[in-house]
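Quick notes on the structure that follows.
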Amino acid sequence: MAAGPREARTSDKLPDPEAYTPMFRQYLEIKRQVPDMLLFFRLGDFYELFFEDAEVVSRELGLTLTGRDGGSERVPMCGVPYHSADQYLRQLLEKGYRVAICEQMEDPKTAKGLVRREITRILTPGTLLEEPYLTEDNRFLAAVVPWDLSRDAGSPERGRRTRGRGEGEGAKAYGFAFLDVSTGEGYALVDPLVGESGLEAELAAVSPREVLLAPEVWEDLEPLVRRFGAFPTLWQEEAGAEDPGGPVDATGAGFFGASGAGGSGEGEEDYLRSLVPDTPGYEAARRLVAYVRRVSRAARLPLRPFVAFRRKDAMVLDAATRRSLELFETERRRSYEGSLLWLLDETRTPMGRRLLRRFLERPLVDPGEIRARLAAVRTIKRLPLLREGLRELLARTYDIERPLSRLYAGGASGKDLARLRDTLRALPHVRALLLESLAGEELPERFLPWRRLDLLDALRDLLERALVDDPPFSLSEGGVIRPGYDAELDRLRALQEEGTARIARLEEEERRRTGIRSLKIGYNRVFGYYIEVTRPNLHLVPPHYRRRQTLAGAERFDTEELKRWEEEILTAEERARAREAVLLEDVRNRILEAAPRLRELAGLLAELDVFQALATVADRRGYVEPEFSPDGSLYIRAGRHPVLEALMPPGAFVPNDAALDDEVRILLITGPNMAGKSTYMRQVALIQLLFQMGSFVPAEAARLPVVDRIFTRIGAGDDLAAGDSTFMVEMKEVRTMLREATPKSLLLVDELGRGTSTEDGLAIAQATIEYIHDKIGAKALISTHFHELAELEGRLPRLRNVHLEVKERADGVVFTRRLRPGAASRSYGIYVARLAGIPEEVIRRAERLARLYGGKGAAVETLTLPLAFADETSGGEGGEAEGPEGGLAPCQDPADLPERDAVRAILAFLREIEELDVDRMTPIQALNTLAALRRRLREHFDALAGLGGVGEGLEKEGEHFG
């Protein structure tokens, strides 16, 4: 019966109500309305849960599971105090449960028979409005519906865009839409998403908290949705279905109530008016409306018309790219600190923070829009007084969108109203600062609306006159309306205050009259006003006192006079609250009438906040404005990784250039581990992304094109949930890249093929590079440890070799982090292993094996061939090895190797000679090296003496050395 986060529940699983007591029959009838949710059932001062709901909540929250007599059986039960329920509800929502709140609708003391109860609120992870459950970020609800691609067959344009390269005829397609109930914004994707890769990209971009899945796609997509941290909800529209809000209407008609969306007469038709019927996005949006209608239980919400968008309207970033570029959290620690958003977030308002994230989620592809954003950032960056003034003023503003949603839903607080008032107070100062700072200049396009903006002066004046400076949180408790705003309310409050003063005078009079100095008059909701007398003074109580309550150390009484004043006070208080409620409703309606203009203000404030944030980062970090490259070339001079640079000491990060154009489309990057290959690739992608979101970039200069997608294959781990190995994850990412990349894409491929055997990995890497070069034609940065791939430069005309420089010194190796032309000659893997702290015994053995395998990448620091794993007592690297009894085996002598291995060992020896840097040797080092070479050469000649015919093979394989 409970709304388990992994399954949908149905009403046929509920027990028969007739077998239980009247209270449980009431509970089961209400539970039947929400079988797929946890039901918090109000009983007195507690919310109680019964049956399976109680077992689930007891397990999830660690609450004590008890029981209650239900008639035919003892019913499992657990509960939480109603006044502290929010903390428990928050935990359940974060675990993916949906919760229905059932309240007592009448006073149990005056109820005749069973107390009437109704569901008053429904909370789900994706439809929250209440402030305690929200962060500053968007909290999206998404919907996925199946889509038949044959429905697009009649439209050639739609048919062309539904299926990408490599998608089979049987590929599944989906409609997708999402909205944030707390801000009212909604978006619907016009095109169908073909295959799971497209859906994964959208889920990664939106990060929804809850996803509605149609029954037809539940089995396929439920695991995928969970992998993206969202909670799937099975949702099917059923005409006439039992529902606490009435029958579920597939069109959602009546959802907005009489006033419609935005309080301006708009209805659902207006809400969906921007969408074309019978399209994937329309169908998904319609599901969202029906679902929100069911759970909102509000007459109206400030839901704006859906924004229709196409995937081609923005740069596409799939899940792997967002993860590897660490846009919103770091890849290893999953921490916000260290992400690109963390670096850029110099916003001062919640609305600005949400918009900044949206800029990052969907970078622009329209050059005109990019230029408009850059112009706004440029203007604020070059005017320090404007920038700092905006930061100060924006810090005085608050969220507009979410309080507006709560006002529509009837759940706004006094704080919401006060913050709206304070934000409206700051607006004239914001506009004055902006326009005066730019007086005499042509305003950037993004600032033009501020010149004609309606600042809602009348509404601001109303809120300033109506509200006290610091209103209480709850609007129902009174004390929100300022004295002097309404004469009738002032009169009622005066009566209330007079009555309270009269009670205080009555207390003094009764003390004098009775002689009971400790006598006091108090109040509680059960007994009203009472006179309390301690036990030692009971003999002084007058006969006309009426006993009401007995306590351990006192008695409580009332009198006719006390009850008369109580009635007058409570009547005045009740009338004052009723009057204040009328006044607040008028204020609320005045605010809702201005909702469209308030939403416009919210959007402009958010955008201005983002521009000042980007300008602030650019100024502090020394970013430059990038130029647009109309010919598609990419050029970056002295580019830097934005986040790593910020985390390092000033000036420590080593910048590098990048250049890709029609003549050079692929840079094949070689170099050792730790040299900075992955960092270089990421920084190029991040600079490109920053440009397309409208930001300045970390470089000395940049001329950049517009790319349609950034693909990354950087780093890899297995996916246990999907049953995929590390290599399979890598291959799936490459598959998506090769299927969907275009000549306008930017590809980042790091160490392709490393997860399998050398032969297979090398073959896959080469074939992939050739495909990108010959078939796709995209710009690509590809790093590799397969040095054989460097030979592709001679066969692929648009590929160039580059490497991260390494300098060898007598005391070790220095990674300069500088990009240089040409391929690297070595990988220095053993050197990096030594830096990582691998035991020296293992390092020495690896050096010997590297020489025997003939690898050119071994960082061999000594030319002698010491025994394997020689311990410290055996004379070090030049010592003799112990025999088998010592537990350490000597390195094989060349004479003990098969013929081919002997040849390889000698070739490795010759390569070592070739790589000697004689110019860097001291005279003593040169003589010692020469002596060692002669000794080892003699050993190899001795080994060849009895191998007949091998000399000819050696001569043939050694032609490389001349």
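Yeah, the Cβs are placed from backbone N, Cα and C, and that goes for glycine too.
Taken verbatim from TrEMBL:
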BINDING   Gly671, Pro672, Asn673, Met674, Ala675, Gly676, Lys677, Ser678  ATP binding site
COILED    555-582  coiled coil
DOMAIN    745-761  domain 'DNA mismatch repair proteins mutS family'
REGION    871-894  region 'Disordered'
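Nonlocal intrachain contacts for the coiled coil (555-582), taken as residues 6+ away from its ends with a CB within less than 8 angstroms of a stretch CB, comprise 475-476, 478, 480-481, 486, 488-489, 492-493, 495-496, 499-500, 502-503, 506, 521, 527-533, 535, 538, 541, 544-549. Within 8 A of the CB centroid of the ATP site residues Gly671, Pro672, Asn673, Met674, Ala675, Gly676, Lys677, Ser678, the other residues of that chain are Ser783, Leu804, Phe815. Cβ environment of Asn673 (ATP binding site): Ser827, Tyr828, Gly829, Val832 lie under 8 Å away, each six or more residues apart in the same chain. Long-range C-beta contacts of Gly676 (ATP binding site), restricted to its own chain and to partners at least six residues apart, with a cutoff below 8 Å, comprise Val654, Leu804, Phe815, Arg817.
For Ser678 (ATP binding site), the count of additional Cβ atoms within 10 Å of its Cβ stands at 21 [all protein chains shown]. Counted within 10 Å of its Cβ, the other Cβ atoms near Gly671 (ATP binding site) come to 26, all protein chains included.
Within the model, the coiled coil (555-582) shows a mean pLDDT value of 91, rounded to a whole number.
Taking a C-beta cut-off of under 8 angstroms and a sequence separation of 6 or more, Ala675 (ATP binding site) has the following same-chain neighbours: His803, Leu804, Glu805, Val806, Phe815, Arg817, Tyr828. Using a 10 Å radius centred on the Cβ of Lys677 (ATP binding site) and all shown protein chains, the other Cβ atoms total 27. Summarised by DSSP class, the composition of the domain 'DNA mismatch repair proteins mutS family' (745-761) is 4 helix, 5 strand, 8 coil.
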